[in-house]
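As recorded in TrEMBL:
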BINDING   Cys114, Asp116, His173, Cys176  Zn(2+) binding site
Amino acid sequence: MAYRSSICRKRRLLKIFGSQLKSWEIEQTHMRFLDSFKRTPTLRLKALRESPGLTQEIIDNPQKSIGPIEKGFDAFEEMRHRFLSFKKDKYLENLEHYQTLARGQAPKFMVIACADSRVCPSSILGFQPGEAFVVRNVANLVPPHENGPTETNAALEFAVNSLEVENILVVGHSCCGGIHALMSMQDEMSSSSSFIKSWVVVGKAARLRTIAAVSDLNLDQQCRHCEKESINRSLLNLLTYPWIEDRVEKGMLSLHGGYYDFADCTFEKWTLDCKGCRPKVAGEYSIKNREFWS
């Protein structure tokens with residue numbers, strides 16, 4: 001009854017104020033009533049399952065909530081409809097699952113991926129909410145422990161020590177701008193006012209190994225080589241964190257690499273063979289369980 005009354009009041013407000021009542025005000029009213037249902041779970045479940053309410057009304061009758069769109073806000077209007085579609089088609093259809101996630105998370109994977117807009121781990125690998133703890137940065141780099149605090153190793157600390165993930169997957173990709181910046185640097189040790197250069201220098205070991213291995217190739221080919229080499233260097237850098245090394249040695253954590261080529265939509269996956277690694281010897285590592293998905 002309370003929810004139905006809210007709809008009646010909304011319609012009276014629309015009749016009195018017409019188009020002056022903006023859609024966001026209606027949604028705020030809707031959210032306040034939904035919030036009141038948190039104290040009565042049975043009523044909330046019944047209301048959300050039987051009648052999506054304003055969400056359904058907005059989707060079915062967009063003219064009731066969409067006023068004149070100011071120039072430049074079209075993208076957010078599209079985003080809004082995507083959100084409402086997500087709520088109707090996924091959230092409400094899997095309400096119990098999302099309520100379970102609201103109480104906590106227990107992902108099996110941590111994914112470190114590039115911030116590139118073309119490389120979304122959830123879209124590429126099909127991760128669903130609650131399955132992967134994801135951090136993204138330029139060129140999907142993992143700095144060594146001795147480099148000090150960064151957003152990436154703060155996420156690592158939380159994922160490994162608090163969430164106790166069982167797998168860390170570092171995902172690189174083709175045509176990576178961060179790796180191109182790394183390979184284009186003339187002197188990686190020189191000071192720079194560029195935030196990008198100051199960050200990608202984390203991958204200097206991969207750059208040096210690439211130059212030593214394929215210096216006769218052109219820059220684009222060197223970058224492709226380095227895109228994969230930097231993934232393995234990041235996997236080795238993970239072992240410089242004592243709490244990661246400890247869990248790996250106990251068999252509680254595995255380290256994996258992945259490479260997504262979006263030009264032909266292929267994916268390579270491999271696992272770092274930690275028993276075969278000798279991190280104290282520069283540049284040495286071995287991998288296992290290599291697969292190519294196409």
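Glycine is no exception: its Cβ is also placed from the backbone N, Cα and C atoms.
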Other than Cys114, Asp116, His173, Cys176 themselves, what residues in this chain have Cβ atoms within 8 Å of the centroid of the Zn(2+) site's Cβ atoms? Ala113, Ala115, Arg118, Val119, Ala139, Asn140, Gly172, Ser174, Cys175, Gly177, Gly178, Ile179, Glu227, Tyr260
Intrachain C-beta neighbours of Cys114 (Zn(2+) binding site), sequence separation six or more, cut-off 8 angstroms: Arg136, Asn137, Val138, Ala139, Asn140, Val171, Gly172, His173, Cys176, Gly178
Cβ-Cβ neighbours of His173 (Zn(2+) binding site) (radius 10 Å): 23
Enumerate same-chain residues with a sequence separation of six or more from Asp116 (Zn(2+) binding site) and a Cβ-Cβ distance below 8 A; give 'none' if the list is empty. His173, Cys176, Gly177
With every protein chain in view, what's the tally of Cβ atoms within 10 Å of the Cβ of Cys176 (Zn(2+) binding site), excluding that atom itself? 24
